[in-house]
Structures are given as C-alpha cells and as structure tokens.
Amino acid sequence: MKVNAFWTLIRHHTQIRRLWLSESIAAFGDYFLNIALMWYVFVRTGSGLALGLVAVVSFVPAVTLGPWLGAIGDRYNRKTLMVISNLSGSVLVAVLSFIVLIGYRAIWPIYGAMLLMSVTSALYNPARAGIIPEIVQPDQLVEVQVLLSTSRQTARVIGSSLGGFVISVAGAAPTMALDFIALILAALILTRIAYQSSVQSDVKPNKSAERTINDAWRWIRTQPTLLVMSLIGMVSNIALGPVNILPAMLIRGSFHASAAALGRFDAAIGVGMIAGGLVIGVVVISRVGLLLSAALAAQGLGILLVAVSPTVNVADIGNLVLGVGLIGANAPSQAMMQTIIPPDMLGRVFALFGAINALAIPITYGGVGAVGDWIGPQRAYGLAATLMVLCAVAGLATPGIRHFTKPSQPNMEAYAGAKEGRTAGNNE
C-alpha cells in the first residue's frame, strides 16, 4: 500500500469519503460521551461494579437482539438503517444529558438510556458491515478498514483529551451533549452516500427472521476458520474488560489522578491506533492472518505494561502499545470476515458473530468491576494480559488464520454477484 493510499481513498472515492467523514464525526462525539459517562458514574457511586454494569447493559442488545437486527440489515436498505440508528441515538443522548444535568439521584435511568442506545448500535453495525463491501473492491477492504479505524482513533485522541478537559470545566452533562450534535451531523452526511444495494439477498419478505438466522448459522458451522475467529473474538473481548471498565478506578483510585489524566490515558490508546494504522498504510502486508496474531500479542504486552506500571505515565505507554495491537487486529479481522462471508449474508453473519463474541460480556464485565473492587485494577489488568496472549497463540495454531492472505484481485467468486449491476459513482 502506498504512503498516500489513505488520501487517495478519501480524495477519489466519494462514497468512502462520506462514510469516513460521518463515522469520524460520530466517533468524536462518542468518546466525549464515553469518558463523561464513566467519570460521572464512578464519581457518583465510587464502585467498580457500577462501572461494569454500564458495559453490561451495553452488550445485552447485541446478544439478545443482534441476530434479528442483522436479518433486518440484509432485508432493508442498509444506508437508511444507519441513518435511523444515528438519529435515534442522538435523541437518547439528549435524554441522558438531561438526566445528568438535573442531577437525578437514582442511577438506573442512566443504565436504561445506555441500553436503548446499544439497541441503535446493534442495528447500525451489521448494516455498516454489509454496506462497505458494496462500495469498495475486495482488495481494498483492509485499507478501508484501517482508514476508518485510524480516523476513529484520531477522534478518540481528540475526544478523550478534550473530553477530560471539558468535564473539568463544564461538567459531565455538557460534555455528553456534544455527542448529540455529532450524531445529527453524522446522519446528515450518511444521507449523501449514493448507495443502492446490488445484493440479491435470500431474505424474502415472507421468510421469518428465525429461518434466515438459522440459514446463516448453518453456513457458519461449515467454516472452521470463522468459528475459531469467533472464539478468539469472545475471549479477547473478555480480556479487554478491564481496559473498558476500570480506567476511572485505575486513574482515580490507584494513581490518585484527575479527569484530565483519565482523558490522556484513554487518548494514549488512540495515539497507538493511529500510529499502527499509519504503519499498516505504509507497509505492504499480504499475510493478514499473521498480522492478526501478532497484533493480539501486542495487545497482551500493552495490557501487561499497565498492570505493572508504577505511575500513570508508564500506564499511558502501555495503553499506547495496546492501541497499536488493537488496530493491527481489528482491521484485518473485519476484512477477513468481509472477504469470506457472502455479501447477501453479511448482516446476519456479522450480527451472529457479534452476539457470540458478546455472549459472555454482560456477566464478565459485571464481574470485572467486582474483581477490580476485590484485587485492584492493576491485578485485573494482569489477568487480562494472560487471556490476550492465549488468543494470539490460538491464532497462530489455526492454519486458516495463519495462512490467510489479502485478496489481490477484485473478482472473487463470493463477490461476483455483488459486482454485477453495481452502480457507477462509487469512484468519483
């Protein structure tokens, strides 16, 4: 991949540019919301368990509703579903900001709002997974995923750093409200994408959701590589529990630092992901499967550095290494799945994978908060590092992952049907 490949994608591919801009703006707002929410909940409750419950309610819709929402993504216009998701999310963010602003004493309305916001995400993600292969060539999937992930992490650096500052100056509610504006803008940009689905899905109007989901599950069971990837995804998500749940406890409780330090700590992951994305953009990487395994090992190393860190500055370095590993794993795994899965099944299969990966998360993340209260956040990070290294070993031990290479030609059989009748205007 050439050094200017990202710029080439943004400049010459109009639909990619619009998707990139929409997702970057939404991500910027999301990180303002996330850091404000986690800080507010911990300051209000002082409990790691309360932080864990935020993640629990966030994963419940992916497990319980994800497969059905994925079937909807294969049946209806994916762009429309993404717009609806962003607009619905903006309304819920406004409600959440108001709850925090008025200082409502009970914490359960926050969990309720987060639960509903997670439903909108469970609708958005399968639709997004399905629309990307329809507007890019198969040999561009890794680059596009890296572009989107790198841009999201640029937003993370800015959003987390500024978010910690805005919380200190204006409070949690105004910080959250910025996500409302971001989601509205993101939805408006999505409406500009010139998209008309070219996939002839097997999801017929008179075919029940249960039958379409069963069709996808039967296909998944014939794909051993995807099954191992799903297992790795589940275990790695569990390993990331302390990373997602315990930063506020770690920064405030272990290092006795401020919200601004929490913002820098979270932003360090984004810096690492940006750096990793730029490296992937410069270096031509054909052995995508080996990249995935190496990236999982890097995540384990980064989490371990946080676990043994004597100061918040050293912990920031650990998060930076973790970020490099995250971008190195996320983009290849997404591209591998979008290469292997038939276009007409992308929504359902991605949703099923999301449900499988998230299956243990509600219990685990609640448990992470309790474990953090019991043994402390740094020891919890140490346990997570062990799990992540095991995921790296599993990737190396699986031939279908170890030998997976990036497709070099855009005429793969799985995409043949999707390519026919693809509308012009994707490259302008």
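Sequential numbering from 1, following the chain as shown.
Backbone N, Cα and C atoms are what each Cβ position is placed from, and that goes for glycine too.
What TrEMBL annotates here:
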- 20-42: transmembrane segment (TRANSMEM)
- 48-69: transmembrane segment (TRANSMEM)
- 81-107: transmembrane segment (TRANSMEM)
- 165-190: transmembrane segment (TRANSMEM)
- 226-247: transmembrane segment (TRANSMEM)
- 267-285: transmembrane segment (TRANSMEM)
- 290-308: transmembrane segment (TRANSMEM)
- 345-368: transmembrane segment (TRANSMEM)
- 380-401: transmembrane segment (TRANSMEM)
Contact count check, CB pairs under 8 angstroms to the transmembrane segment (81-107), set 20-42, 165-190, 226-247, 290-308, 380-401; argmax is 165-190
Would you kindly check 20-42, 165-190, 380-401 and say which stretch has the most C-beta pairs under 8 angstroms to the transmembrane segment (48-69)? 20-42
Short question: which residues 6 or more past the ends of the transmembrane segment (226-247) have a Cβ under 8 Å from it? 38, 48, 51-52, 54-55, 220, 262, 265-266, 269, 296, 299-300, 303, 322, 329, 333, 336-337, 340-341, 353, 356-361, 364-365, 367-369, 372, 377, 380-381, 383-385, 387-388, 390-391, 394-395, 398, 400-401
Long-range CB partners for the transmembrane segment (20-42) (under 8 A, at least six residues beyond its ends), listed in sequence order, are 9-10, 48, 50-51, 54, 86, 93, 96, 100, 107, 110, 114, 147-148, 151-152, 154-156, 158-160, 162-164, 166-167, 172-173, 175-176, 178-183, 185-187, 189-190, 247-249, 252, 259, 262-263, 266
